[in-house]
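*Asks:* Take this structure first; my questions come after.
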Amino acid sequence: MMAAEAGSEEGGPVTAGAGGGGAAAGSSAYPAVCRVKIPAALPVAAAPYPGLVETGVAGTLGGGAALGSEFLGAGSVAGALGGAGLTGGGTAAGVAGAAAGVAGAAVAGPSGDMALTKLPTSLLAETLGPGGGFPPLPPPPYLPPLGAGLGTVDEGDSLDGPEYEEEEVAIPLTAPPTNQWYHGKLDRTIAEERLRQAGKSGSYLIRESDRRPGSFVLSFLSQMNVVNHFRIIAMCGDYYIGGRRFSSLSDLIGYYSHVSCLLKGEKLLYPVAPPEPVEDRRRVRAILPYTKVPDTDEISFLKGDMFIVHNELEDGWMWVTNLRTDEQGLIVEDLVEEVGREEDPHEGKIWFHGKISKQEAYNLLMTVGQVCSFLVRPSDNTPGDYSLYFRTNENIQRFKICPTPNNQFMMGGRYYNSIGDIIDHYRKEQIVEGYYLKEPVPMQDQEQVLNDTVDGKEIYNTIRRKTKDAFYKNIVKKGYLLKKGKGKRWKNLYFILEGSDAQLIYFESEKRATKPKGLIDLSVCSVYVVHDSLFGRPNCFQIVVQHFSEEHYIFYFAGETPEQAEDWMKGLQAFCNLRKSSPGTSNKRLRQVSSLVLHIEEAHKLPVKHFTNPYCNIYLNSVQVAKTHAREGQNPVWSEEFVFDDLPPDINRFEITLSNKTKKSKDPDILFMRCQLSRLQKGHATDEWFLLSSHIPLKGIEPGSLRVRARYSMEKIMPEEEYSEFKELILQKELHVVYALSHVCGQDRTLLASILLRIFLHEKLESLLLCTLNDREISMEDEATTLFRATTLASTLMEQYMKATATQFVHHALKDSILKIMESKQSCELSPSKLEKNEDVNTNLTHLLNILSELVEKIFMASEILPPTLRYIYGCLQKSVQHKWPTNTTMRTRVVSGFVFLRLICPAILNPRMFNIISDSPSPIAARTLILVAKSVQNLANLVEFGAKEPYMEGVNPFIKSNKHRMIMFLDELGNVPELPDTTEHSRTDLSRDLAALHEICVAHSDELRTLSNERGAQQHVLKKLLAITELLQQKQNQYTKTNDVR
């Protein structure tokens, strides 16, 4: 509460009043807070307080009040609410009044008596500021809170590894006032001079960048006496540093002052104030009203509304804050005019009335306003000061607000960073006994300050023609990606890769691509691959912000297809800080790309106390990229392979930690090993037992060891034209080179298949490759029942090709049914050993049959979605098996089902996350249902009913019988593409890299190829030519390497 002080320009007794706690008046060492002149003729009606014969009265509310008579002279009075009133000596008239100001204003009457009274309506209360004869109190020193209100991030928010979520910054943050650290537009050199003049490590300031208008820089003096500059991106009212989002620069300062380090072990400590106050925000005023278009980021406004401009976007659009409503959004520049620096900075605030008289302010409050309404206008008594007008039940009171030299505002002896802070304070605290500030009286007759001759018709027509498609300048790439949120949630968001400023910006949707949901400054990031094992889904990658000393914070993304994910990764890598140090080479230079293959084999003698279900986490440097499955026991065997391709150039080691699988959201790392890549001989596999170290005390227990096979390779890629002769030899229609490589590359079959497929796809010869290899496989097979059962180069190529081209078909055929299974709580369990007590197997069977009917129907209807080239290859398979086994009438059906169902549809049903059909793991009921559905669909595709092996599944047999004929028709129809279709799609592959990789395979197996060339008659000439070209390419590569070294 605050005692209202009477104010007049006439003489009379003086009263000092202050709201808040700990104020003191009347001491020569601590001057009075304020003085109030009271009219000599003021009527007083209350019990008199004898002895107040002199003019000095000081009142403080809450806390201790101290008054020394030396300053005010005889008759000084200290009044304190809720505290002690103490008077210094010097006169017998000194009195301590503990009740001063309880019922209203403490007022001294003309007779020298003191009265407690509520002021009449005719009286206006206004405190006097610095002009009243006493200097203002200096502002209290800024004291950062000791741990209070800083907030913590819940460990449970990151279930799958280190993760940064922009929501995590929404915690209470405190920072010094803006005027203590904001310097406006300032160049780098002057900023460094100001910090060095301050002379304290931990000193900082924020400035607007002189190189990038609209963005800011945090300049910081480190303990090493080095000034570091950190880029801050301002975007639509938010501020981003690295990838962290803050709603204000003050929040950013608070975060790096109290929550996180800016450099290792260093926080923001000492703000450096500018030499003089800075107010450089661009302001504009509406010259016409506007109503927003629904479902956009536009804002509606009135004529006369004032705006702060945050961002100037393309095509005349601006992102602003409406000072009247505090609403942020889009406006177009045609509807506004510039506001000059000479206009009051509070113009546009809903409570500010800069162009009305004192009498008009009274009239507004009494006619338009209600009790507890208020407004602020410039003071008539003291230019530069302000008056807060406030309506009570009986009168209108006013309080003087005085700006201070250090950009604060004083009212009633308290100091605030802004007038808005004063208003917020007295919305919560009583300004007068029993009263709080409530609604401001809005600005009336706004038209009077504007040019009424503006013709809006043409302006509105111009706005309708404007589009919002060009808010961002240099859009290198755009589209949808999945982004991982808190826990295990993934959300489909719209992304823009902005090339001019190296920013990845994301939005809720393409329709609302104005104010970002988030922004990542790629100049301080690196892109890392994410293995499928980490989240149980494919096509993932991560952006790691690495600029600051704090633990890396990470953004995870997933593409719908491998090609989409790879395309985004390559696009992002071109703008990442670490990639800029090694730009793409020209056609006459050698490119180098590194990769790492890890085989986590087994562990030995893990501590029994700590491990029952151990698994491994794999890190590149300190960034997690993969994990193994959990295995039981102290000597677990994993035998899992992990391939990390195109490593960022800063990767210099891999780390493997061992954790124990529990039901906790995140299992701690217990043991670890670390290996520098420089230890590995490039291109050669190593097989080694690594002794493990411990993150926790093991108390004399040996930590055990881990067997890892690793191969680190550095690909040297020459310009594409250097491989032209090599490519011609590979693409010969007889495929002699392909056959030879399949013979010698048994261990590298998957790698060989992926390289060959990309090369032939690039040349639009994938049908030649697949049909020829399939025909060869069929011709070499004697038993129809074992055709394509073994894993060969042909079957591996077919599987890879289907996954690469048939994703749309899989989603169309399966997604709806699988989503229903995920949502359903109804079991389909038929096995007696797995049924719950009192569970009705007939209900479960009915539910399973309903799912199967719907799913199979969708599959049958999706045949036209399969790519025509794939269907042509199926047709070639059917013709080949008919020619090989003319009397086997089911073979043409089963050869296609073996690929479509066994290697595509059923794997997608069993593991829908791996096909990006779902993002979350299925519940135990849903997982079991998926297994039963896959079993049933596979048997239908094989045209086989369930029998004695799984008798509990016999209830599905009627469904299989009734759909056999339709299945045969469906599979036959898939192959009904007799001619190879023309395709306009061009596969986006790095052909020179694939050719270089194939060349490295030839080099690695050159001895086997040489032996083979001496054995095979028809292929002998081709293989000897292959060996000669391989040797020639090796020599050219050495020449390029020498040239690069010279440069």
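Cβ coordinates come from backbone N, Cα and C, glycine included.
Per Swiss-Prot, the features are:
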- 181-272: domain 'SH2 1' (DOMAIN)
- 279-341: domain 'SH3' (DOMAIN)
- 351-441: domain 'SH2 2' (DOMAIN)
- 474-577: domain 'PH' (DOMAIN)
- 577-690: domain 'C2' (DOMAIN)
- 764-974: domain 'Ras-GAP' (DOMAIN)
- M1: N-acetylmethionine (MOD_RES)
- Y615: phosphotyrosine (MOD_RES)
- S831: phosphoserine (MOD_RES)
*Asks:* Let's check the environment of the residue listed as 'phosphotyrosine': how many other CB atoms sit within 10 Å of its CB?
*Replies:* 21
*Asks:* With the domain 'SH3' (279-341) as the reference, which stretch in 181-272, 351-441, 474-577, 764-974 has the largest tally of C-beta pairs below 8 Å?
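*Replies:* So the stretch in question is 181-272.
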*Asks:* Out of 351-441, 474-577, 764-974, which stretch has the largest tally of CB pairs under 8 angstroms to the domain 'SH2 1' (181-272)?
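*Replies:* The stretch with the most close Cβ contacts to the domain 'SH2 1' (181-272) is 474-577.
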*Asks:* Write out the long-range same-chain contacts of the residue listed as 'phosphoserine', meaning residues 6 or more apart in sequence whose Cβ is under 8 Å from its Cβ.
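*Replies:* The answer is Y952.
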*Asks:* Using DSSP and collapsing to three states, where does S831 (phosphoserine) fall: helix, strand or coil?
*Replies:* coil
*Asks:* May I have the DSSP-based helix, strand and coil counts for the residues of the domain 'PH' (474-577)?
*Replies:* 20 helix, 46 strand, 38 coil
*Asks:* Under DSSP, the domain 'SH2 2' (351-441) has how many residues in helix, strand and coil?
*Replies:* 20 helix, 29 strand, 42 coil
